[in-house]
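Engineer: What Swiss-Prot records for this protein is below:
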- 24, 25, 26, 27, 50, 103, 104, 105: CoA binding site (BINDING)
- 167: substrate binding site (BINDING)
- 259: active site, tele-phosphohistidine intermediate (ACT_SITE)
């Protein structure tokens, strides 16, 4: 069984039934209400010890297994504090939940190494995050903490390690009239459940996605891997336009820049190398996060896709 078989679970829609772990907590309550207001098909939540009650007019369950059996949910979003978040992810894997979106920042790295070890040895569950804004199919389903109102149904697939820079790309693609087909925040931690390649594979196969924005940052080699994947799978006359921005061009080596994974270590993970790798794969790299929308618009113009 191959973990990559679960990539298809990233494609959420208005038919996706969602539950929330950490449902009755402060974050869970706030963001669940936002999701309901957006129109997400949220069908219940989990709060151990509070099973049988209702919250926000929805049923509360003691376990993910119980919630999945009772509601038929195919996705769960996790707003559980860092010390208990890995256990929450594991519980969702046990229940074979097709999509798990973990928002929590600050999960101990050792916990995530163990989760990841388990994750890649199964094919039922796809994890997005941790330390990410989530996944949204505009106008249909919002799983996570992204502001719904800036999104607009459209043609661009967006994948990013940064939350706020995702919102920048979203707002700009909405403003130039291209909109978004699917936006995935893969998170800023070094050990996460979904990488650039997973998302690029979904975008390249999706007929609704006509262009791609990839937002990376210093640290690790995910961008270099993504560049190699694009070179292999997105070249020739039918290639989809890809625009990218890499944060941290001026970052000093050895200093962690906001995200746990955003660090230049052992002389590797700098922005220059990442930019060069992407350009070599035919990606148009924008030097400013403020020009992502205009850059992809120009690429669409060039290819007469407008």
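Just so you know, glycine gets a Cβ as well, placed from its N, Cα and C.
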Engineer: Would you find the one among the binding-site residues 24, 27, 104 whose Cβ has the most company, meaning other Cβ atoms within 10 Å?
Structural biologist: 104
Engineer: Pop the Cα-Cα gap between the residue listed as 'active site, tele-phosphohistidine intermediate' and residue 104 (CoA binding site) into the table, whole Å please.
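Structural biologist: That comes out at 12 Å between the alpha carbons.
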Engineer: Cα distance, the residue listed as 'active site, tele-phosphohistidine intermediate' to residue 50 (CoA binding site), nearest Å?
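Structural biologist: Answer for this pair: 34 Å between alpha carbons.
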Engineer: Have a look around residue 26 (CoA binding site) and count the other CB atoms within 10 A of its CB, chains all included.
Structural biologist: 9
Engineer: Return only the integer: C-alpha distance in Å from residue 26 (CoA binding site) to residue 167 (substrate binding site).
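Structural biologist: Cα-Cα, rounded: 23 Å.
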Engineer: Using a Cβ cut-off under 8 Å and a sequence separation of 6 or more, which residues in the same chain sit near residue 259 (active site, tele-phosphohistidine intermediate)?
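Structural biologist: Looking at Cβ-Cβ distances below 8 Å from residue 259 (active site, tele-phosphohistidine intermediate), excluding near sequence neighbours, one finds 131, 161, 162, 188, 189, 217, 219.
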Engineer: At the Cα level, what's the spacing in Å between residue 24 (CoA binding site) and residue 167 (substrate binding site), rounded?
Structural biologist: 27
Engineer: Just counting, how many other CB atoms are there within 10 A of the CB of residue 25 (CoA binding site)?
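Structural biologist: Residue 25 (CoA binding site) is surrounded by 17 other Cβ atoms within 10 Å.
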Engineer: Fill in the CA-CA distance, residue 25 (CoA binding site) to residue 167 (substrate binding site), as an integer in Å.
Structural biologist: 25
Engineer: Using C-alpha atoms only, work out the spacing between residue 167 (substrate binding site) and residue 103 (CoA binding site) and round it to an integer in Å.
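Structural biologist: Residue 103 (CoA binding site) has its Cα 16 Å from the Cα of residue 167 (substrate binding site).
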Engineer: What residues, ordered by sequence, lie under 8 A Cβ-to-Cβ from residue 103 (CoA binding site) and sit at least six positions away in the same chain?
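Structural biologist: Looking at Cβ-Cβ distances below 8 Å from residue 103 (CoA binding site), excluding near sequence neighbours, one finds 27, 31, 77, 78, 79, 129, 130, 131, 132, 133, 134, 144, 145.
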Engineer: Go through 50, 167, the listed binding-site residues, and name the one with the sparsest Cβ surroundings, counting other Cβ atoms within 10 Å.
Structural biologist: 50
Engineer: Specify the secondary structure state of residue 259 (active site, tele-phosphohistidine intermediate) as given by DSSP, simplified to three classes.
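Structural biologist: Going by the DSSP assignment, residue 259 (active site, tele-phosphohistidine intermediate) belongs to neither helix nor strand, so it counts as coil.
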